[in-house]
Amino acid sequence: MAKTQAEINKRLDAYAKGTVDSPYRIKKATSYDPSFGVMEAGAIDADGYYHAQCQDLITDYVLWLTDNKVRTWGNAKDQIKQSYGTGFKIHENKPSTVPKKGWIAVFTSGSYQQWGHIGIVYDGGNTSTFTILEQNWNGYANKKPTKRVDNYYGLTHFIEIPVKAGTTVKKETAKKSASKTPAPKKKATLKVSKNHINYTMDKRGKKPEGMVIHNDAGRSSGQQYENSLANAGYARYANGIAHYYGSEGYVWEAIDAKNQIAWHTGDGTGANSGNFRFAGIEVCQSMSASDAQFLKNEQAVFQFTAEKFKEWGLTPNRKTVRLHMEFVPTACPHRSMVLHTGFNPVTQGRPSQAIMNKLKDYFIKQIKNYMDKGTSSSTVVKDGKTSSASTPATRPVTGSWKKNQYGTWYKPENATFVNGNQPIVTRIGSPFLNAPVGGNLPAGATIVYDEVCIQAGHIWIGYNAYNGDRVYCPVRTCQGVPPNHIPGVAWGVFK
């Protein structure tokens, strides 16, 4: 029997509060898969696998809507391939579509192409945004259904649910036919979002002394980082969070750097630490963007940094413009260093002070140009010579992946991984979830690895144990295959 709108609204509120009447609601902190976080009370785990995934919420919701007659199958993207029964209708997400409360939102394009993502419309919103109720947005599969404002990225379909006749439903209204994708902006225009994270950082008590310019070692844009991190919670932030994330035309202010610290330099929070003294900004997409696109992302960071330096009364110099590698052993900012000095810290090790100064001086010049002229242009180093950004550049930054007979993608990589706040089950001999268990990698443990693999929906690192065993440890989820794979949130910190 169809539910009334009032009943639907009550159900959604109960999901959000963690009090819904469901046999699949987690009653107390629970964990059976160390690949994910510990599920909190209120999380929905409808199938008993992989903790509280996004689809678990929909499986429970549809069972309730259909009086336990329809149980969904497949991943999130598969929901538009099946029928839930009478009264359910599948709609393509068009420019004129304003969803109604209770509808199911299905994401199948862009970064959601591999498995999809899914949630429930909590507030239909408008053309630009709506409020979604969802699970597993943070990748840890550990939270109860949570509300988040979404911008329609990757959303391809809505599933309309049946509503009992005679109830009041929010009327669909016409909206402008403008594309949900923001129109290209002028080069000098930056959109700055101040959608701060849902955690209060320690206060510095004074303005920052300067800016640390990072490379994100990821594939997301500034806006995508905002979507995934704004409500991620402490467990994710403890693995590292910067004040700002910049890409072409867009900067997300995750934390107000004027008086709050961030965890971006990895050297603690003491009065002399980089975390305490400096603001931090990530140049985004350092592992996925073309050289041309990455340079545009850098320009957004330089322009924004110039604005902040004016606000804070700072002059760009070697004391105020800093590199992550000045505080701890790391290759960051690896992509910028390759482009502007010709030195690759990933393959060549730690650079000399002269090379670091060369990169800092380039950053300083770019920031000064924006402060003095309001504009600047990129230059890169190619074959030892400086050239304009129009010079073709095709340097691979992700290494050469190979595929073995078992379908595992692998490549050599020498680095260090520091586990987060949850133990991880390791495997012996191969990167498969059904391989022999090697034990638990404790929370906070450090391992030095020499190989990276992609298999079974995860990214693994490989290393030799003291007893001679070859051990593989999953360190994040992964969608797709190289070179277009999309890594999930890391379960620790790479150095």
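Glycine residues also receive a Cβ, built from the backbone N, Cα and C atoms like all the rest.
Values in this document were obtained by computation on a predicted structure and should not be read as measured data.
According to Swiss-Prot, the feature Ca(2+) binding site maps to ASP45, ASP47, TYR49, HIS51, ASP56. The annotation active site, for endopeptidase activity is assigned in Swiss-Prot to CYS54, HIS117, GLU134 on the grounds of similarity to another entry. Taken from Swiss-Prot, the feature Zn(2+) binding site covers HIS214, HIS324, CYS332. The compositional bias 'Polar residues' annotation in Swiss-Prot covers 378-393. As annotated by Swiss-Prot, region 'Disordered' applies to 378-398.
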Which listed residue (HIS51, HIS117, HIS214, HIS324) has most other Cβ within 10 Å, given these are recorded positions: HIS214
Candidate with the highest Cβ count within 10 Å, taken from the recorded positions ASP47, GLU134: GLU134
Nearest recorded site to HIS117 (active site, for endopeptidase activity) by CA-CA distance, among recorded positions ASP45, ASP47, GLU134, HIS214, HIS324: GLU134
Of ASP45, HIS51, CYS54, HIS324, CYS332, i.e. the recorded positions, those within 10 Å of GLU134 (active site, for endopeptidase activity) when Cα atoms are compared: CYS54
Integer Cα-Cα distance in angstrom, CYS332 (Zn(2+) binding site) to ASP47 (Ca(2+) binding site): 41
Distant-in-sequence Cβ neighbours of ASP56 (Ca(2+) binding site), under 8 Å, six or more positions away: TYR24, ILE44, ASP45, ALA46, ASP47, GLN135
Rounded inter-Cα distance in Å - CYS54 (active site, for endopeptidase activity), HIS324 (Zn(2+) binding site): 35
Chain-mates of ASP45, ASP47, TYR49, HIS51, ASP56 with C-beta within 8 Å of site centroid, Ca(2+): ILE44, ALA46, GLY48, TYR50, ALA52, GLN53, ALA141
Those residues of the chain, 6+ apart, with a Cβ under 8 Å from that of TYR49 (Ca(2+) binding site): ASP33
Helix, strand or coil at HIS214 (Zn(2+) binding site) [DSSP, three-state]: strand
Secondary structure at TYR49 (Ca(2+) binding site), reduced by DSSP to three states: coil
Which listed residue (CYS54, CYS332) has most other Cβ within 10 Å, given these are recorded positions: CYS332
HIS214, HIS324, CYS332 excluded, remaining Cβ within 8 Å of their centroid (Zn(2+)): VAL212, ILE213, ASN215, HIS264, THR265, GLY280, GLU282, LEU323, MET325, THR330, PRO333
